[in-house]
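Asks: Handing you a structure now.
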Amino acid sequence: MEQLFCPTCGTFLYFKQNYEYVDSAEFYCKLCPYNYNITKTAIDSVPLKKKRDELVLSKDGVGKGDKAEVVCPKCSHGVAYFTQVQTRSADEASTIIYECCECSHKWRED
Ligand SMILES: [Zn+2]
Ligand SMILES: [Zn+2]
């Protein structure tokens, strides 16, 4: 908190919290009757918080898919996300793309 000085006698002002009114406090001078009241401004942060929650939700909403117990060829981690990808020609079987939960290495199942 910045130091305030009494405009009347130049002595630095003491700070006193007003406990009857929680949002109010005052600076006062010990040498003369000067005092300076400050009132804290209540900041309504509810709309900001709501916006942040929505952002987090939409980020989590983009799921990476289901997890499978496969061993990563790069780091040997035992769990990876998998996505099934349908190849262009209909007579070919769909391919499974794995993404390691640990190191994000991607590989496809042969
Ligand atoms: Zn004073
Ligand atoms: Zn890995």
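Using the three backbone atoms N, Cα and C, a Cβ is placed for every residue, glycine included.
For Cys6, Cys9, Cys29, Cys32, the entry in TrEMBL reads Zn(2+) 1 binding site. Look at TrEMBL and you will find Cys72, Cys75, Cys100, Cys103 tagged as Zn(2+) 2 binding site. Marked as domain 'TFIIS-type' by TrEMBL: 68-108. Taken from TrEMBL, the feature zinc finger covers 6-32.
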Asks: Taking a Cβ cut-off under 8 Å, which residues six or more beyond the ends of the domain 'TFIIS-type' (68-108) line up next to it in the same chain?
Replies: none
Asks: List the helix, strand and coil residue totals of the domain 'TFIIS-type' (68-108) as derived from DSSP.
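Replies: Per-class counts: 0 helix, 16 strand, 25 coil.
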Asks: Tell me the Cβ neighbour count for Cys32 (Zn(2+) 1 binding site), meaning other Cβ atoms within 10 Å of its Cβ, over all protein chains shown.
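Replies: Summing over all protein chains shown, Cys32 (Zn(2+) 1 binding site) has 11 other Cβ atoms within 10 Å.
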Asks: Around Cys103 (Zn(2+) 2 binding site), how many other C-beta atoms are within 10 angstroms of its C-beta?
Replies: 13
Asks: Quick one: which of the binding-site residues (Cys9, Cys29, Cys72, Cys103) have their CB closer than 6 Å to ligand 2?
Replies: Cys72, Cys103
Asks: Just to confirm my parser: what is the rounded mean pLDDT across the domain 'TFIIS-type' (68-108)?
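Replies: Here the predicted model's pLDDT, averaged over the domain 'TFIIS-type' (68-108), is 89.
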Asks: Can you check which residues sit near Cys75 (Zn(2+) 2 binding site), meaning Cβ under 8 Å from its Cβ, same chain, 6 or more apart in sequence, and list them in order?
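Replies: Sequence-distant Cβ neighbours: Cys100, Glu102, Cys103, His105.
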Asks: Which residues in the same chain, at least 6 apart in sequence, have a Cβ under 8 Å from the Cβ of Cys9 (Zn(2+) 1 binding site)?
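Replies: Looking at Cβ-Cβ distances below 8 Å from Cys9 (Zn(2+) 1 binding site), excluding near sequence neighbours, one finds Cys29, Leu31, Cys32, Tyr34.
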Asks: Could you round the CA separation between Cys72 (Zn(2+) 2 binding site) and Cys6 (Zn(2+) 1 binding site) to a whole angstrom and send it over?
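Replies: About 70 Å separate the Cα atoms of these two residues.
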Asks: So which binding-site residues out of Cys32, Cys100, Cys103 are up against ligand 1, CB under 6 A?
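Replies: With ligand 1 as the reference and 6 Å as the Cβ limit, the list reads Cys32.
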Asks: Across all the protein chains here, work out how many other Cβ atoms are within 10 Å of the Cβ of Cys72 (Zn(2+) 2 binding site).
Replies: 20
Asks: Which are the residues of the chain, Cys6, Cys9, Cys29, Cys32 excluded, whose CB is within 8 A of where the CB atoms of the Zn(2+) 1 site average out, their centroid?
Replies: Pro7, Thr8, Gly10, Thr11, Leu13, Lys30, Leu31, Pro33, Tyr34
